[in-house]
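Data block below; observations after.
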Amino acid sequence: MKKGRILVDFLRQSWPLYAVAVLLHVASSIIQVFFPQVLGRFTDALQNNGLSSGLIQEYSLLLLAIGASYVVLACVAQFLIMYIGRRFERLTRSKLFMHFTGLSERFYSKNGVGKLLSYVVNDVTGVRESISMGVNQTASAVTLFFAVVTMMLYSGIPLFLLASSIVPLLLIPFIVTRFGPVIMQRSKKVQASLATMTESAEEQFGGIRVTKKFAVESVMNERFFTTVEQIKDNQLRLVRVSSIFQAIIPFLGALSLIIAISLGGYLTVNGELSLGHFVALTLYIRMLMNPLQQIGTVINTMQRSRASLERLNELLSETPDIQESKAAASLDFQGKSIHIAGLSFTYPGARGAALRDIRLDIRPGMTIGIVGATGSGKTTLMKLLLRTYEAPKGTILFDETDIRDITLESLRSQIGYVPQDGFLFSTSIRDNIAFSDRGRELNAVEESARQAQIFESIMAFPEQFETKLGERGVTLSGGQRQRTSLARGFIKQAPLMILDDSVSAVDAVTETAIMNTVRSMRKGKTTIIVAHRISAIKHADQIIVMKEGTIAQQGTHAELSAKPGLYASLCAIQEEGEADG
Amino acid sequence: MANSIRNWEADQKADRQTGKNQPKPDIKYVSAFRALSAFAKPHKWSFMLIFFCTLLAIAAELLQPYLVKVIIDDHLMAGKGEYSAIIGIGALYLGLAAMSLLFTYLQNNMLQYTGQSIVAKVRKQLFEHISKLSMSYFDRTSSGSLITHVSSDTESLNQLFSQVLMSVLRDGMTLVIIIFLMFQLDVQLALYCLLLLPIIAGIAIGFRSYMRRTYQRARTQLSRLIAFTAENLAGMNLIQAFHQEKEQQREFTERNEGYFRANMKEVKTQVWFRCSFDILSNLSIAFVTWLGGMAVLNKQIEFGVLYAFITYIRLFFQPLNTITQQWNTLQSATVAVTRIWGIFALKPEVENKAKPRALAKAQVRGDIEFDHVVFGYGEHAPVIRDLSLRIRAGERIGIVGTTGAGKSSLISLLCRFYDVRSGGVRIDGMDVRDMEQSQLHRIVGLVQQEPYLYSGSVLDNVRLFDTDIDEDTVIEACRLVGADAIIQRMSDGYNTRLSERGSGLSAGERQLISFARIIVFQPKILILDEATANLDSYSEQLLEQALAIVSKGRTTIIIAHRLSTVMKADRIIVMRKGAIAEQGTHSELVRRHGYYEELYRHSRGKVFA
């Protein structure tokens, strides 16, 4: 995608609506400026005793007609513009989400959820504000301004009177653009200090056990108090500027009026200006204050949203680093073995290699156990098998086919993956287990829940499989989460299954039961089990011991525990009791 | 709008409290506001001053139409041609404008200062009050809802001062003065204008409540959209691994569409409101022109009066609009104030005795006795049933048992987070209920499964920001537990900043820091509550060594569900359903072929064979 596209693309689609809205605005402003003119004429007629009750009625109705029609036109225009803005928001958010689903883990490891959310929420809103409100206000302010000036000149109010009255008003946009960013910046500081206080409260309440246990409440109170004082200081700093700003704009308006009254009054006294014009002038000046203030606001909004637009375009031009090759085809994994041939891998931007020259053959139907300390490369290897990171060409093969030549759909739908963290979505338990195919019948869901030893726990919830998880629903314990995640992997009955340290939070008794199920269920199907605890992998056909990105040892449990080495010492640590007893 | 992520977070935090056994606070608005006024009372002179500043601030804006009226009627219409009087009025107006400039500034600053002082005081006292509540309260209440009280609720209180009070003062007074001036100018016309007031107010209030609803709906939809996006971003690797991109996109579109629709409804309401309000404003101007014009024609009033009326009617609508906007803020502020005072009304469940017995920490030996203890949470069935246990000073005790066996409850009683139903818990023969809580807490040290880190330096994390403890003590403690080498390797050594999230330390290293805290604070009794769970074997070994040092000379109680951690204890207590099932050393218990042996076999994976 080329840079700077979202806005152009959107405008190409919706310019006719835009044009209509702007035209309506222009029309509305032009009608609006007749208001003081009519009142002026009314005044003159009154002064010249040229009024009758019929004429007064006519003038009143004329004023009403002007008032009603400009309001209606302005409102329709406003609605259209807001509609356009919301459509932009909807379209851009869709685009962003679609784009997110294509980006790989490399991208997500660099960008936190908070940052990405702020693209979806704040930046999109920022751009929307300037294309809807910005355009809206510019259109109405500019036309109103010119219409007022034209009207005043046309109606015969002398130019020099006009010019000198308007001078203070012209300072308004300048002042708005001067003060706007400062106010913005200071109010951001207020928000930031509020966030700091919230974080501080969060921290204190989160650690309340520690605070209480060490009886350091007073120290912690002091820590919190400083954040409260900070807010107060920042608020006062903000109000010092914002109150000047709030006071100065009406002041400039008053200055304009003073010039108009004094100079206009002088001219009227001398008979050079009609009373009607004098009245119209004061009304026009009131009318001008708003658009001038708006122009200033718009300039500020535009500046802010330009940065947002740039960020959005940059995000959308990020190319996914894992893409299907054109020649990719689907492949049936059944009966295929996996060859890992001299696989080395370094995370982008990392100094050292995460994996070095891994060579491994996994025959179909085998169960492989992988152990090793944190950071030894176990999970990295699994990520490469899932192709969430890209392995070098020719290093991972399914029979003869390179992993890069298989479609992502074919690859991922044939791997049952159970990640370490047991991440679940805030939907029903059923939808979580049947995540790979939301339409799966309840029987299948229940069956895999049984296999993962979570069935009983689920049935204990009032809504059973329809129980909602997450913030608005039930919170599962770490062990329950892991077991639900296991069920989600089991239900796929995939030709290849990867259990990435999937039973770490489950107690020993349940772990035993689950591992027994896995063994009987996965008979004849390829299974890879990554674990910290020996008990989870000791029955594997092959055990791989990883150390610092390499395979340190390889063999069956009996072979490996018989000879001195990493595996044997791991056994010793974990089975210490035996040595003692 | 930039607030929406924050709103969403606040919604989430507030949501967490629902469903928990929290008594719904009685809504006693009046008493809550009376309590609030106690906070405001010391500032009563400031409020008086602010009132007068407001009056002076709005004078220029309000007197302008009147001044122009004087010019028109007395000078221009009269055709006297006295220019000097016009200049005089101009100068007066200039003076008023300058005064308005000054007093608007003063009023804003003073009101903010006063409001902020009150809010800051409420925040501090609220925080202090919450910290004083018993552990049982924190177990029941999610920290999310507490944070909502301290930050969002007090922020609503802030808005009460900065927006509601501000508007009531400024806009309310503007309205009153306009009405007053209108009556001064012409009573009859003023009465006609007054007829408008209920209509305007009716429209405004009617629309406001509807607008509030549409706004709330849009906000809920947006929260849903953000929540969905946040979750999907966090679980993107899963979505991709399960190849569910299309399905999730479909669900996203559904929510995106929902938000769009709710939003358009809100937009429509807004536009309708603006449209009818503005048309009404123009209608009333036309009405005044007609009535006033007739009056001028009949020589009942002068033209200047009509001019002033037209201008005043226009000035009338702005403050009315702003003041009705405050209705919503006032409502949410009321709820917030009530909630805040609901917290203030809470009393800690565990309280010090009127005259707690003094206890010199240095003399404490560390004998513990549970004497026929019965305990249950709230009204629930007891989780500890008639449990008696004596632990000698310096003994190392392991407690095992499955989840729900009552291990952690036992510890909560020893720390007096809760009080026993019957029986007693004694340290060196003194009942824990007779001690002052802060003293008890310094005697009994606790290391939990999840070590808690504060945002601050390593140094401050070990000494818990207590600057009375010097750096050398901290370094010495870290050296003892074996953390010194790790800390020295960090970028800024002991000054490296840590935080609860993303500290760059492994779970084992974090736990070492909490071990160092124990060395620094020197409790006589040490409790390890699953302190070595969820660690890999290497980290576990590291902690094992540290534990040997930390437990030296202290009565140590180790709770674990992994047996390897407690095997070396002097005595192992096996708990089951709130009572002690077996006790003895590891080898004794294994020989007994009872419950312990069963647990032991499972943990070693022997059942596989």
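Even glycines carry a Cβ here, placed using N, Cα and C.
Owing to the predicted nature of the structure, the values given are computational and were not obtained by experimental measurement.
The compositional bias 'Basic and acidic residues' annotation in TrEMBL covers B:8-23.
Residues or ranges marked as domain 'ABC transmembrane type-1' by TrEMBL: B:49-332.
Look at TrEMBL and you will find B:368-602 tagged as domain 'ABC transporter'.
Annotated region 'Disordered' per TrEMBL: B:1-23, in sequence order.
Positions annotated as transmembrane segment by TrEMBL: B:45-63 (among others).
Taken from TrEMBL, the feature transmembrane segment applies to B:83-106 (among others). With a cut-off of 8 Å between Cβ atoms, the residues of this chain six or more beyond the transmembrane segment (B:83-106) that come close are 53-54, 56-61, 63-64, 67, 70-71, 74-75.
Annotated transmembrane segment per TrEMBL: B:164-183 (among others), in sequence order. Within its own chain, the transmembrane segment (B:164-183) has Cβ neighbours under 8 Å at 50-51, 54-55, 57-58, 61-62, 66, 107-108, 111, 115, 189-190, 193-194, 308-309, 312, 315-316, 318-320, 322-323, 325-326, 329-330, 333, counting only residues six or more beyond its boundaries.
If you look up TrEMBL, you'll see B:189-207 (among others) marked as transmembrane segment.
With a threshold of 8 Å between CB atoms, the same-chain residues lying at least 6 positions outside the transmembrane segment (B:271-295) that come near it are 186, 188-189, 192-193, 196, 199-200, 203-204, 207, 211, 301, 305-306, 309-310, 313-314, 317, 321. Annotation comment: TrEMBL describes B:271-295 (among others) as transmembrane segment.
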- [ ] Pop the mean pLDDT for the domain 'ABC transporter' (B:368-602) in here, whole number is fine.
- [x] 79
